[in-house]
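This is the structure I have questions about; it appears just below.
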Amino acid sequence: MEFGSFLVSLGTSFVIFVVLMLLFTWLSRKSGNAPIYYPNRILKGLEPWEGTSLTRNPFAWMREALTSSEQDVVNLSGVDTAVHFVFLSTVLGIFACSGLLLLPTLLPLAATDHNLKNTKNGTDTTSKGTFSQLDNLSMANITKKSPRLWAFLGAVYWISLVTYFFLWKAYKHVSTLRAQALMSTDVKPEQFAILVRDMPSPPDGQTQKEFIDSYFREIYPETFYRSLVATENSKVNKIWGKLEGYKKKLARAEAILAATNNRPTNKTGLCGLVGKQVDSIEYYTELINESVANLETEQKAVLAEKQQTAAVVFFTTRVAAASAAQSLHCQMVDKWTVTEAPEPRELLWQNLNIKLFSRIIRQYVIYFFVALTILFYMIPIAFVSAVTTLENLQKIIPFIKPIVEITAIRTILESFLPQIALLVFLAMLPKLLLFLSKAEGIPAQSHAIRAASGKYFYFSVFNVFIGVTLAGTLFNTVKDIAKNPKLDMVINLLATSLPKSATFFLTYVSLKFFIGYGLELSRIIPLIIFHLKKKYVCKTEAEVKEAWYPGDLSYATRVPGDLLILTITFCYSVIAPLILIFGITYFGLGWLVLRNQALKVYVPSYESYGRMWPHIHQRILAALFLFQVVMFGYLGAKTFFYTALVIPLIITSLIFGYVCRQKFYGGFRHTALEVACRELKQSPDLEEIFRAYIPHSLSSHKPEEHEFKGAMSRYQDFNAIAGV
């Protein structure tokens, strides 16, 4: 990419962000848009603009985000969200401290050397104009065997030491944050329960429930309360789902009657498009009555005949539950497997009956399938990254040459085409990885999201970082390598491919933080969808609530996306130090934008009390390890005699990861008894705790409305006051 194209890309992205920020400032002040920009506050029963400024200052939201405390985030969005901000601030600290030393040191050293100029007329693969002016500020401009390489080696040590310091500090902080949340005096159902799997078959004459009750009552005679045996619920869930659908359609028909004074009708065939014409209210009332009768019959059959070898077991105290979750209950590892129970809302009931060895086999099979997926995606992504350069496109599609020769079009295509193609490819993957993670037999939604996030991270590193770095170079030089397959040429190829991709990744990161966070802040797309649905589709309160409900932060894609930027910034921080500025901007702006969204927009769908942090910590270390390996190879390609001094850093990273896991991870895997023994402000209602885990399809009472409870009436009262 030429330097002019890079500036156009950066400038265009910045202008788009400013426009989107101004749109956010204007649109978020309109009362009719409150459910889009303040849903979290509305659901908490707070006024949308309480404690905020209604000024037209487009930077007011930044001040509000900066002045908010970590406890504000915990109160409004939970511990998991607060831990995500620890991640963002930790990485921001690493890059800021690294940049303070590297930018004023390495940039002058690179700019005043003459490697690129000296090789201009040589045989080096960089001689054909493949480097832009930006590369004069990178390590590519350092002459081989130059003593200046000592400074770059020192930079590798500095970044590594800074990372160790911030990661250790962050792990301690998150551990404290998790402990404080678990020591809360509030009653939380999951702290009184354990999850039991791999139960053996009951003796003759006993049901599964009688067997598990007698087993745990014998071990915990004073603290065992009762058990909830998992059942095969596929049929009852289907009936319950249809019943809920009929209720929504009946409510919609009644709303239409109230608004128009005309009784609505519908056809009974496919999607209401064919079949007999009937009165909607009478029709859906009849279907509801039939479904209720079928549901009650199936519930009795499920509870009596479809009990499975898994259960949630409840105790009278938090200490008893925490102690039981950490104990070995059977001599054989594949019997009576016990873990802490997840929250009721995130339990994956369909996975509980999967046996231990089956889970292990599933895990390895899925890992193998994911590895194949990574390799499969490597081919199209590498092809896209290579082909979407204008030079290669003109070779493949000659007739577009007159079009791309137009300066304005050429500049725009060079600025955005490869990056947009890459983002589109990546957007297709997360749902597949989440599905595969659940197929492993994981019992909780949060655990499945962590597993999917890990798969997505490694996919991104292999396909985006490694694939894009090598693809373009290999595409252009494969003929030369075939003619002259010498080892020194291959090494030279790998060495030159890294700095040549630096400009691409600078543009990629800027596109992510300017346009990505601009769309995140402005919420233009959710706003348009909400108003279209509200005007043309929604007839009932429930439909309006569904139209504006925001969901959570989507950790399955957000965390690996941030970790990819972290990996790119790490690996180019010494080779092309300018990327540190972009990394600092990405995580700094991300902290501000997401702080606003966490306090006002997103509603957590579960709470795992920071269980994502060990996963994040491990991937940050993996990125650091990759950075150290890359620098070992690149310094070697520069024929720097003291390259071997990087090896102690690689070993230190492995030792650091091991020490952190031994010291901190146990507190995330289990709840410490010193944490669980804290007094509660009121005695727990054990029956209410038990009922919290009953699936809605098996509940004999009307389910709670969960997060929506009371929110819509609050929204209506607000609109009435505002005159909307």
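Cβ coordinates come from backbone N, Cα and C, glycine included.
Bear in mind that the values here come from a model prediction, so they are computed numbers and not experimental data.
Straight from TrEMBL, here's the annotation block:
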DOMAIN    5-169  domain 'CSC1/OSCA1-like N-terminal transmembrane'
DOMAIN    191-351  domain 'CSC1/OSCA1-like cytosolic'
DOMAIN    362-634  domain 'CSC1/OSCA1-like 7TM region'
TRANSMEM  6-27  transmembrane segment
TRANSMEM  85-107  transmembrane segment
TRANSMEM  149-168  transmembrane segment
TRANSMEM  364-384  transmembrane segment
TRANSMEM  420-436  transmembrane segment
TRANSMEM  456-478  transmembrane segment
TRANSMEM  563-594  transmembrane segment
TRANSMEM  615-634  transmembrane segment
TRANSMEM  640-660  transmembrane segment
Counting only residues 6+ away from its ends, which parts of the chain sit with a Cβ under 8 Å from the transmembrane segment (85-107)?
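Residues 70, 73, 137, 139, 151-152, 155, 158-159, 162-163, 166-167, 169-170, 173-174, 177, 559, 562, 566, 569, 573-574, 577-578, 580-581, 583-584, 587-588, 590-591, 594-595, 598, 613, 616, 620.
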Take the transmembrane segment (640-660) and find every residue of the same chain, 6 or more past its ends, with a Cβ under 8 Å from one of its Cβ atoms.
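Sequence-distant neighbours of the transmembrane segment (640-660): 144-145, 149-150, 153, 156-157, 160, 164, 167-168, 171, 617-618, 621, 624-625, 628-629, 631-632.
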As a test of reading the model: what is the averaged pLDDT for the domain 'CSC1/OSCA1-like 7TM region' (362-634)?
79
